[in-house]
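Notes for the one structure printed next.
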Amino acid sequence: MLSTPPLCCHFPLSGAHRNMNWAFLENVLSGVNKYSTAIGRVWLSVVFLFRILVYVAAAEQVWKDEQRDFVCNTRQPGCENTCFDYFFPISQVRLWALQLIMVSTPSLLVALHVAYREHREAKHKKKLYQDKASIDGGLFCTYTFSLLFKITFEVVSLLAFYFLYNGFDVPILLQCSQSPCPNTVDCFIARATEKKVFLYIMGCTSILCICLNFGELIREMMNENVPAKKTKNLCKYVVKCDRELPS
């Protein structure tokens with residue numbers, strides 16, 4: 001239902017987190033909540049509890065000095081940097097941040113769509129939706145697109161983590177023979193067990209979000225408030241309404 005009041009999801013985020021404006025993202029997702037369905041609100045809760053809070057509370061600190069804590073038993077200049085780049089081509093923390101931004105943006109588009117429609121209805125005093133509590137018309141198209149986009153990016157992110165980080169494994173010892181290393185050297189990863197645990201947590205969270213998005217997509221497609229014939233012509237319906245209103 002679109003008219004459900006927003007949940008209280010305001011978490012204090014300190015300014016010490018330099019890489020992202022977490023307060024801005026918090027406000028965006030909190031505002032989106034009032035336009036979400038029941039499953040969508042569960043998804044938002046999962047994003048806050050298992051992504052933002054876990055990242056802010058612990059994950060960022062675990063990976064704080066990952067390159068400095070990566071040590072190899074050689075003094076060959078450039079060897080450690082080359083081995084680190086080989087085993088960690090993309091920072092896990094930055095990849096999580098990108099994933100969070102990309103899966104949150106489609107929900108913002110849905111909120112903007114609803115706000116735009118409500119503004120036009122108020123301005124022209126004409127009803128565009130038969131029932132404001134249902135997701136229909138162009139909003140149905142936007143909502144469906146947002147769910148498909150989130151599912152796609154979640155799957156891509158899972159595959160990226162799996163192939164980039166040896167199937168969610170973070171070993172304590174790595175053997176590297178990349179140039180300019182003089183021979184096969186042993187390299188050691190700090191806090192390997194902690195990093196592995198966080199990889200599993202984030203991986204399970206992605207799977208849970210995919211299931212929630214699939215469930216929400218199926219729910220909207222089978223919604224009793226959207227008859228099959230109407231569903232087939234939803235986008236055409238709202239375009240016709242738009243043309244009847246002055247810009």
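Cβ from N, Cα, C; glycine included.
TrEMBL labels come from automatic prediction, so no person has curated them.
Noted in TrEMBL for the protein shown:
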type	residues	note
DOMAIN	61-94	domain 'Connexin N-terminal'
DOMAIN	153-220	domain 'Connexin cysteine-rich'
TRANSMEM	38-58	transmembrane segment
TRANSMEM	96-116	transmembrane segment
TRANSMEM	137-165	transmembrane segment
TRANSMEM	197-215	transmembrane segment
Item to check | Residue distribution over DSSP helix, strand and coil in the domain 'Connexin cysteine-rich' (153-220) | outcome: 41 helix, 8 strand, 19 coil
Checklist outcome for this item: Taking every residue in the domain 'Connexin N-terminal' (61-94), the average pLDDT works out to 85
Checklist entry - When DSSP states are grouped into helix, strand and coil, how many residues of the domain 'Connexin N-terminal' (61-94) land in each? => result 14 helix, 2 strand, 18 coil
